[in-house]
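Taken from Swiss-Prot, the feature site 'Transition state stabilizer' applies to R28, supported by sequence analysis. Residues or ranges marked as substrate binding site in Swiss-Prot: E34, H35, T36, D37, Y222. Residues annotated as ATP binding site in Swiss-Prot: S123, S124, G125, L126, S127, S128, S129. Marked as Mg(2+) binding site by Swiss-Prot: S129, E161. The annotation active site, proton acceptor is assigned in Swiss-Prot to D173.
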Amino acid sequence: MKPQQLATQKFSEHCGYSAAQTVFAPGRVNIIGEHTDYNDGFVMPCAINYGMAVSFSKRDDSVWRVYAIDIDEQDEFDLSRPIEPSEHKWANYVRGVVKYIQEKCPEFKQGADLAMTSDVPMSSGLSSSAALEISIGKTARVLGDLPLSLTEIALIGQQAENKFVGANCGNMDQLTSALGQKDQVIMIDCRSLDITPTPVPHGYSIAIINSNVKHDLVTGEYNSRRQECEFAARFFGVKALRDVTSERFIERAAELQAQNELAYKRAKHIISENQRVLEAVEALKANDMVKLGQLMAGSHDSMRDDFEITIPEIDYLVELAQVAIGKNGGARMTGGGFGGCIVCLVPDEKVEHLRRIIADNYEKQTGIKETFHLCTACDGVHLI
């Protein structure tokens, strides 16, 4: 059963009446451009046909009663009172979005019953958290008829995750869930928020293979990577690493390396990755899938060697996929790192070969069974 249908059904069972409306917000997969978003750089994701559905109806008070179907938990809070953190981690994504919507729209106090469910795997690097944030933001906009653009909702989602949940994410995930376009990858300039859509190549599929090694980015490694990037930006005297050219980096690389080896390696990844994204857009426009495959491979190598966010299981999956796909197409880790998924752009005629190669080897090598998803690029958040 699709999340949209399940949300509607479970709302009726849990609340005792039928939901008025349902919102769907997609997850996302990032084709190339990893950890560049919080460095004001470039990314090239697409929204995918897995996401979060929220069925909801207005109440005649200011209470939000939120039922999380997948874990059978409920959270309740009152919009007429200051919104405080919940003991449930998932509920803080909801509360955080509503809290920061109220900062922009102080009059918003419309209560609601909500039931939500997702088919985005948790901690997989496919933005289950952003899908939750954007679905809640859209729900609030509908409930209160609020004058918020989808871009504003995306930035509120990022703010909630940064300040209320405590994860220093960039803005790519939320922008993609809000603004995705059917059959398009979208290059996002994470500083200007300009979007450049480019069609997914005809005859190619997007395959996402989940290593089923889970990560949790709220603590530790993700935030330390961000701090190392900020150190490098201060070293170069710029607002963000987006502003450092390859030439300038090379000129001062030895000096940075002597001061801070990790900051040097992180900056090397970010600066080269931004260039790869720009080249990937041109490769897609030219339908040059050999070039795109090379760029994806370069991105993965850089994440492994310089940003140091891959793990052996992910590296092995990428090796298998690259062999199965060949030169026309590519594979790399996608998401924050330390587990999660790889993304593949694979010729349609090689999809089953890829599936078989992975199935025959990955579990045998790692003791973990992968999950294989074929995805389509889809529209961003919408009412159903």
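Including glycine, each Cβ sits where the backbone N, Cα and C put it.
The model shown is predicted, which means the values in this text are computed figures rather than measured ones.
Scoring each of the recorded positions (E34, D37, E161, D173) by how many neighbouring Cβ atoms lie within 10 Å, the top position goes to D173. Secondary structure from DSSP puts S128 (ATP binding site) in a helix. Looking only at the recorded positions R28, H35, the densest Cβ neighbourhood within 10 Å occurs at R28. Within 10 Å of S129 (ATP binding site), judged by CA to CA distance, lie the following binding-site residues from the set H35, E161, Y222: E161. In space, R28 is the closest of the recorded positions R28, E34, T36, E161, Y222 to G125 (ATP binding site), judged by Cα positions. The number of other Cβ atoms within 10 Å of the Cβ belonging to T36 (substrate binding site), over all protein chains shown, comes to 28.
The substrate site, placed at the center of the C-beta atoms of E34, H35, T36, D37, Y222, has further neighbours from the same chain whose C-beta lies within 8 angstroms: G33, Y38, N39, V43, G170, M172, R225, I270, G336. Separating the Cα atoms of D37 (substrate binding site) and R28 (site 'Transition state stabilizer') is a whole-number distance of 14 Å. The binding-site residues listed here (E34, H35, E161, Y222) include no residue with a Cα within 10 A of the Cα of R28 (site 'Transition state stabilizer'). Binding of substrate is attributed in the record to E34, H35, T36, D37, Y222, and the widest Cα separation among these residues amounts to 13 Å. Cα of Y222 (substrate binding site) to Cα of S127 (ATP binding site): a span of 15 Å. A distance of 13 Å separates the Cα atom of E34 (substrate binding site) from that of L126 (ATP binding site).
For D173 (active site, proton acceptor), the nearest of the binding-site residues by C-alpha distance turns out to be S127; the candidates were H35, S127, E161. In this structure, H35 (substrate binding site) belongs to neither helix nor strand by DSSP; it is coil.
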